[in-house]
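Shown next, in structure tokens, is the structure this report addresses.
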Amino acid sequence: MSAKSFEVTDPVNSSLKGFALANPSITLVPEEKILFRKTDSDKIALISGGGSGHEPTHAGFIGKGMLSGAVVGEIFASPSTKQILNAIRLVNENASGVLLIVKNYTGDVLHFGLSAERARALGINCRVAVIGDDVAVGREKGGMVGRRALAGTVLVHKIVGAFAEEYSSKYGLDGTAKVAKIINDNLVTIGSSLDHCKVPGRKFESELNEKQMELGMGIHNEPGVKVLDPIPSTEDLISKYMLPKLLDPNDKDRAFVKFDEDDEVVLLVNNLGGVSNFVISSITSKTTDFLKENYNITPVQTIAGTLMTSFNGNGFSITLLNATKATKALQSDFEEIKSVLDLLNAFTNAPGWPIADFEKTSAPSVNDDLLHNEVTAKAVGTYDFDKFAEWMKSGAEQVIKSEPHITELDNQVGDGDCGYTLVAGVKGITENLDKLSKDSLSQAVAQISDFIEGSMGGTSGGLYSILLSGFSHGLIQVCKSKDEPVTKEIVAKSLGIALDTLYKYTKARKGSSTMIDALEPFVKEFTASKDFNKAVKAAEEGAKSTATFEAKFGRASYVGDSSQVEDPGAVGLCEFLKGVQSAL
């Protein structure tokens with residue numbers, strides 16, 4: 001692939017501004033990277049989002065009959081909880097509830113999940129639907145992480161959007177969320193790419209040579225299921241490698257959806273960004289031929305185009321939706337639904353939908369009163385602020401001191417940024433100590449949750465932010481009055497609530513080779529003994545045990561064996577706790 005590319009300054013904001021200029025019925029809130037449209041007050045609004053670089057996903061599918069809004073982060077990075085919560089506020093102003101349709105990537109799930117929790121705490125009717133349709137990472141490798149999200153997500157946007165437009169006033173948020181699950185349960189997708197994409201502002205890098213390509217490469221340049229060497233013909237790629245991964249009923253690792261002989265099937269061929277329309281049309285034709293010849297499947301509807309990209313990714317994906325099984329599942333709960341195809345083909349004016357009809361509507365105005373950037377919590381639990389500040393400083397100093405070691409570990413099992421991310425997190429605490437509530441621990445912890453998310457970003461920021469948000473909520477539940485002093489017993493109970501809250505948004509558990517392997521033993525030991533020293537020792541033992549585990553979560557779960565190396569996230573947490581311990 002050529003390393004040449006068009007580069008602009010501030011590419012994400014420039015792209016959003018250009019999109020809004022070309023689509024005047026959609027409003028852009030530049031400082032929040034939010035785009036939204038008008039929504040009827042008796043209907044459920046849909047919001048999606050994630051990292052930039054997949055256009056027209058997500059903003060391109062804002063329109064009547066599809067999404068009500070989208071919120072995006074930087075390139076390949078989840079938007080923050082603040083952004084998402086503000087998007088919820090804006091869209092909910094003229095809706096009866098909000099469904100967040102989230103691609104199954106850890107950072108997205110954590111940040112959108114935390115936003116939904118905070119929205120519900122504000123009295124907003126809000127739920128999350130997590131979508132995953134990829135078959136490249138099968139059940140064995142995907143484990144508890146689940147399937148990655150690919151272009152099939154757009155079919156969820158379209159079908160659920162049509163349902164929300166027509167029926168959500170009757171069936172509400174729960175009914176709309178159920179439709180999303182039904183469609184996701186009947187979707188399978190696999191992608192292939194000749195090379196990595198070129199990310200704006202970064203040097204092009206690839207492990208593939210001119211004679212290699214990758215089967216199952218993800219939309220963020222993640223590894224696929226197999227490197228093909230030499231590159232097969234396009235016909236062989238489709239017939240011998242891609243379709244069997246979607247349709248082989250004997251492949252128990254990937255047979256996520258059953259296709260019977262008489263089932264109606266929708267075919268979506270998606271351009272990952274760098275393939276010409278001419279070639280995509282040819283690929284669509286060949287795919288249809290092989291479906292008929294090898295599987296006796298004649299798609300009842302075929303969609304081809306550029307729906308979910310990876311910048312200029314020189315590849316494509318194939319998605320199959322079992323329309324028959326989806327229709328039957330829908331009909332069991334929604335008597336009005338005659339066919340899922342009616343929802344798929346219902347009117348939309350979303351600019352990115354390839355078979356849309358367009359109608360001009362005026363853009364909504366921004367209600368600035370709904371945009372908030374301060375996190376607040378019910379004020380309970382008095383505490384010694386000066387001691388607390390010293391503990392935080394000592395913990396931060398220990399993490400900063402240990403950063404080279406943490407980075408060395410992460411270079412072996414991850415992407416090498418864990419140490420830097422943790423340092424950014426602890427600096428986010430120490431640099432904002434003067435802003436913390438000195439009268440209420442619940443409010444102070446909620447503020448720290450916000451500072452950490454803003455300074456760390458990514459998956460780690462989401463995990464720690466949710467954990468601390470849960471701890472704040474635990475203090476609110478356990479403390480009997482605003483002025484009750486926080487004791488070890490209160491902290492212990494609140495930590496248990498915090499851990500339970502975190503477990504709502506990650507499937508990682510002890511034994512998964514993550515920071516949970518240090519966190520859970522710490523919480524359990526402190527809950528049992530109320531002894532911080534014993535709890536730190538339990539955390540250290542948990543971190544050491546990760547050297548014997550295979551990673552099941554995060555980027556390390558997609559690469560090779562990581563045995564004999566302690567998980568850097570677990571080690572980083574222990575270093576912080578040891579720093580606090582030294583200041584007690």
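Backbone N, Cα and C atoms are what each Cβ position is placed from, and that goes for glycine too.
Screening S206, S365, S460 against Swiss-Prot annotations picks out S365 (annotated as phosphoserine). Residues within less than 8 Å, Cβ to Cβ, of G53 (substrate binding site) and separated from it by at least 6 positions along the same chain comprise I75, F76, C197, V199, H220, T309, S310, F311. Of all the modified residues in the record (S5, S365, S512), the one with the smallest CA separation from K103 (substrate binding site) is S512.
The full span of the recorded substrate binding residues, G51, S52, G53, H54, K103, D108, taken as their largest Cα to Cα distance, is 14 Å. Within the same chain, residues at least 6 positions away in sequence whose Cβ sits under 8 Å from that of S52 (substrate binding site) are P11, V12, S15, V72, G73, E74, I75, F76, A77. The Cα atom of H54 (substrate binding site) lies nearest to that of S5, taking the modified residues S5, S365, S512 as the candidates. Put simply, G51 is the one of the recorded positions S5, G51, D108, S512 whose Cα lies nearest to the Cα of S365 (phosphoserine).
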